[in-house]
Amino acid sequence: MTILVINNKGQYNHRIQRSLQYLKIPTELVPNTLSIEEIEAKNPIGLILGGGPSIEGAGNSEEYIKHFDIPILGICLGHQLIAKAYGGQIDTSNTESYAKVEINIVNDENLFSGLAPKMEVWSSHKDEVKSIPDDFEILANSNLCDVESFKHTEKDVYGIQFHPEVHHTPKGSTIFENFYEICKKRCNND
């Protein structure tokens, strides 16, 4: 029942793992260089793709997105990698900084359960998703970014531009708890 946190070399990847551990969610932080077979051997119920400085340093993350049929949550760079893997567009933001942002939750099912209609988050906007792929829908937006969060319409694949693992996102732990519930539900249905 373990969720693997894929370390994309971002400064907060260890905090993602610690946040999950604090919530008593079984987790392991693994490098983004593991092969598909090495990930499969760990038998995860879900993947969280952490943030990182660049797509070029994302290792095998895009392969994981394309290969695995388990719940996936992409955070910041992970969010952008999901968009890229499915054919969305990523580009430089108009505001290249970290900022406290109020997001508007437009779909509060599953990942945002219990959090609507608005949520204060800590978000990085150096790069962002400019257009979502086919078969995706927007879950949240803000005055800085049209795509703060999205999900696949048929798969348990989610992306968020912001960082739920930092204290600047006061209700970030609820995102992780909701994702764990998605993973457990999926595991029980398979």
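Including glycine, each Cβ sits where the backbone N, Cα and C put it.
All chains included, 25 other C-beta atoms sit within 10 angstroms of the C-beta of Cys76 (active site, nucleophile). For Cys76, the entry in Swiss-Prot reads active site, nucleophile.
For His163 (active site), applying a Cβ distance below 8 Å and a minimum sequence separation of six or more within one chain yields Tyr12, Gly51, Ile75, Cys76, Val121, Trp122, Ser123, Ser124, Thr169, Gly172. Annotation comment: Swiss-Prot describes His163 (among others) as active site, evidence class sequence analysis.
The feature active site is assigned by Swiss-Prot to Glu165 (among others). In this structure, Glu165 (active site) belongs to neither helix nor strand by DSSP; it is coil. The Cβ of Glu165 (active site) lies under 8 Å from the Cβ of Tyr12, Arg15, Ile16, Arg18, Ser19, Ile75, Gly172, Phe176, each of which sits 6+ residues away along the same chain.
Confidence over the domain 'Glutamine amidotransferase type-1' (2-189), given as mean pLDDT on the 0 to 100 scale, stands at 95. Per Swiss-Prot, the feature domain 'Glutamine amidotransferase type-1' maps to 2-189.
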